[in-house]
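Taken straight from Swiss-Prot:
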- HIS105: heme binding site (BINDING)
- 306-335: coiled coil (COILED)
- 398-432: coiled coil (COILED)
- 455-583: domain 'Guanylate cyclase' (DOMAIN)
- ASP460, ASP504: Mg(2+) binding site (BINDING)
Amino acid sequence: MFGFIHESIRQLVIRKYGEDVWLQVLERSGFENGKENIVNHYYSDTDTYVLVDSVSIVLKVTKDQIWEMYGGFLITYSMEIGWDELVRSMSPNLKGFLDNLDSLHYFIDHVVYKANLRGPSFRCEENPDGTLMLHYFTGRPGLYHIVKGVVKEVAKLVFNLDISLVVQGRTQRSVHMNNGERVEEHVIFLIKNVEEPRRDSDTSTTSALTSVEPDFGEIIDDNLKVSLQDFSRALPYHFVLDESCRLVQCGDELYNHIPNELLQPGTPILRIFEINRPQIPLDFENICNFINAVFVLQVKTSPLRKKHMNAMTKEEREQEVEAMEEEVESNELTQGCHLKLKGQMMMLSTKKHIIYLCSPYVTSINELMQFGMRLTAMPLHDATRDLILLNQQRLSDVEVNLQLEANNEQLETMTHELEVERQKTDSILKDMLPRKIAKQLLSGEHLEPCEYEATVMFCDLPAFQQIIPVCQPKNIVKLLNEVFFKLDRIVVLRGVYKVETVSDSYMTVSGIPDYTSEHAENMCHVALGMMWEARSVMDPVNKTPFLLRIGLHSGTIIAGVVGTKMPRYCLFGETVTLASQMESLGVAGKIQCSSWTYSKAMETGRFEFSPRGRINVKGRGDVETYFLMRSLKKSIWEITDHERDVNVNSIEGYEELEIFIENAQTVKHDGHPKANQNHSATCTIA
């Protein structure tokens, strides 16, 4: 069904029950929010039935009640969105409105939305007692409750009537059409006026329910002054049928689209046309039953075949006609290249003949050219000329709307993808900068450099220079990734900030951007954890576990964001320089701390330090230093978040760390190891 039906159902539920109820309906029916109500989209009947079933279940109302409620709301909603004037101007009474409902339905389907949908048909009869008998035909059984809601609401809003609709009969039959067999439901409604309508003084006295036949008075001269030739030229596409549905006469323009042999009087109309709408067998009785409907007939001959047949002999043309009829019987008729006629069937006064007053069903310039026609083929009085020009503009508007809907859908997809990419970018920025600083930067705040009391740590691999000459570059990168991955885990675990890595040098800081008085204690624990983690990575040259060289210093630093395109959080000050010297002047397998770090660490924590003595630091002279041995407050297992094997490991874990360092120092290294001259060594990465 057409998307407008879904949208009106959505409006009904939201207005009467709220947005939350509609979301429940969507969840139950399996529709994605925003994809269930695309107005110009065609949904399968199954989709619509699932949607209505979900509404019925969520609201705990029967489906018949939902359909009747929808029928009434459909009129209200349609009049709200711009169809008000058209609905009110259709007829002065309810019977006339119902008689013209087919044409309105056809106009909306085929002209406004260009949808070619399979709609219902209506026929209204007036009873002697003033009541109406409405015949409703549809190929979708079970939807007649919509008609009850529609007719009641139209009577109330347009004609100020309070009516009752009673189902008098409901039958189903199988109808054989050219395109196959289908089930058709026929429902008969009896319409009664419950209360006399309220009429203003300036309103016509004509009944609002039924029509009154006009009185033409005496006709002075009943002789027709128009000849058959003039009539055929004035109505160039008409034809007249008898009770046997055989051709009696036709308009001039039909000879340009249909072979002359088929337009001879007495030719069965089924040899010339097939019926598209209403979907009924093309015979005299059915035409009379649907006399108020819009009839669309399709010529069985294409324009190209007609031109080809004009050059044939009479016998060849007869053979071609027979071949054409065989194609129709085998459903090989191509819809796109056969002219359609749209118009009205009218019973003549003899009651034995029907005239079909019609025009080519052409709604655009492209279709006009397709049949080899020009605007001059339409009489000046024919509104089809104006319709073609107006609909050409309408098609452009519909195309623009479809493009806008496609663009909106694409924009939603791009917005979602952009949000995903933005989250990735934010995540990367938060990895590059402290989380607090990254949030301030993303919110557009101006960040001023700040002064902090913090502890800075540098560590490196003293044996790294021995590895470079004997390892492939990709193996070196793999080795550093393995080491730094383990160090990063300790940094995240202990809540300090990793500033940067340069070659094999690793720099971290504690106490910024969120100040803590335990910055020295935290960094000492990080150093012990890193020393433990490094023991699981093997030196590919010496075949021994790696030893880190670590240096710590505490003091005042300046920190701030440098750069805009690629912002970095940088540290400045003498504290950074001295921490770097603590590392470069340190010993492999040892954690060297300045006296400032020693003092700060002992204020908040409990550690075992071994005095190293005074060492000469460039620019500072002799500086008192200490080696950090162990923490008396936390075990290795608590620092590294590793589970202790009670059958193998000591309680604190520092004994294993000391033994590991002693074994790894069988080959003694000073602070500046010499490069290994044995270039024949092989490099293997564990």
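We count from 1, first residue shown onward.
Each residue, glycine too, has its Cβ placed from N, Cα and C.
Taking the features listed in Swiss-Prot, we show where each one sits on the structure.
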residue	record	DSSP class
HIS105	heme binding site	helix
ASP460	Mg(2+) binding site	strand
ASP504	Mg(2+) binding site	coil
Problem set entry | Site of maximum Cβ density within 10 Å, from binding-site residues HIS105, ASP504 | ASP504
Exercise. Between ASP504 (Mg(2+) binding site) and HIS105 (heme binding site), what is the CA-CA distance rounded to a whole number of Å?
Worked result: 79
For this session: Check each residue in the chain of ASP460 (Mg(2+) binding site) that is at least six apart in sequence and keep those whose C-beta is under 8 Å from its C-beta; list them in sequence order.
Result: SER503, ASP504, SER505, TYR506, LEU548, ARG549, GLU583
Seminar exercise, completed: The correct DSSP tally for the domain 'Guanylate cyclase' (455-583) reads 55 helix, 39 strand, 35 coil
Exercise. For the coiled coil (306-335), what is the mean per-residue pLDDT, to the nearest integer?
Worked result: 54
